[in-house]
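Below is one structure, written out as structure tokens; comments come after it.
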Amino acid sequence: ILLAEFHYYGSLRITIFFLLLVSYLITLIGNILIITTILGNRTLHTPMYFFLSNLSIVEIFVTSTVTPKFLSIIGFGNREISHWGCYFQCYFYFVLASVDFLLLAVMAFDRYVAICQPLNYVTVMNNRLCIFFTVFSWLFGFVDTLPTTIITYNIPICRPKVIDHFFCDIGPILKLACGDTSLIKLLILIASSLTVLGSLVCIAISYTLIIIVIFNIKSGGQRWKTFSTCSSHLILVFIFYSGSILMCLRSVKGFIFDFNRLAVVLNTIIAPMLNPFIYTLRNRQVKQAIKGYFNR
């Protein structure tokens, strides 16, 4: 199977390759730093940072699923990918994306309990519930994505095996299939909507209740301080869902490849790279922990 050809040449090609490589290294180093800092600092052994460390693990995996092959295409013109490799890349990309969305929903629930039920926070967000939420997120991601991947794998391909994308996305794969693919597209829409829109509803409900509590706080300073504990999470939610919701909606009318590529870059390259900065630059506790980590 061949992936899309990269049409830029010369200095522009080298620049894009260098920028992509730097962003990939920043993503790896930044998220590994977040994980090791949380593991090595007892003050960060709380539910919020437990979920954050899991989110960083997902970010490392999701960018590693797409970026190395993209670098290979840009830097060396290596567009070839094996049949099994293509479907594994497609499967794990959607698995990790599903886990990402579910973890963001769980983190929103954690913020709801911390702000709306602070006296019950330790009781509600106990170790057992945190582990359950995390395991459920991973299991759901693997199970929810498996049926559509299996069906797609068994669809006969009668067109030239050239995928119009820089990685094995399920939409471009279906464009190579023989016959009617409307059923599999419907299943993809249902599965993606179940994950993306379902988790978004949970986030919306959590933050609606949080906003109600914040507006009832009389002190303006305390109101802003309370809301600021959610700001980092809200930034990530905006980045992830802005492209993904439109990707779900555009599936009804067909695949728009240019936008599809942009959304994939946003969710697999930009968001994972920004995650460490969002949670360190806006979080005094994490900054202090990282400073202590380097001092040691």
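Keep in mind that glycine also has a Cβ here, set from the backbone N, Cα and C atoms.
TrEMBL annotations:
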- 30-279: domain 'G-protein coupled receptors family 1 profile' (DOMAIN)
- 12-36: transmembrane segment (TRANSMEM)
- 48-71: transmembrane segment (TRANSMEM)
- 91-109: transmembrane segment (TRANSMEM)
- 121-140: transmembrane segment (TRANSMEM)
- 186-214: transmembrane segment (TRANSMEM)
- 234-256: transmembrane segment (TRANSMEM)
- 262-281: transmembrane segment (TRANSMEM)
Which sequence-distant residues neighbour the transmembrane segment (12-36)? Criterion: at least 6 residues beyond either end, Cβ under 8 Å.
6, 52-53, 56-57, 59-60, 63-64, 67-68, 70-71, 74-75, 269-270, 272-273, 275-277, 279-280, 286, 290, 293
Within-chain partners of the transmembrane segment (48-71) [C-beta distance under 8 Å, separation at least 6 from its ends]:
3, 17, 20-21, 24, 27-28, 31-32, 34-35, 38-39, 81, 89, 92-93, 96-97, 99-100, 103-104, 106-107, 110-111, 114, 130, 133-134, 137, 166-167, 264, 267-269, 271-273, 275-276, 279, 286
Close approaches to the transmembrane segment (91-109) from elsewhere in its chain (Cβ under 8 angstroms; 6 or more beyond its ends):
48, 51-52, 54-55, 58-59, 61-62, 65-66, 133-134, 136-138, 140-142, 144-146, 148-149, 167-170, 195-196, 198-200, 202-203, 206-207, 233, 236-237, 240-241, 244, 267-268
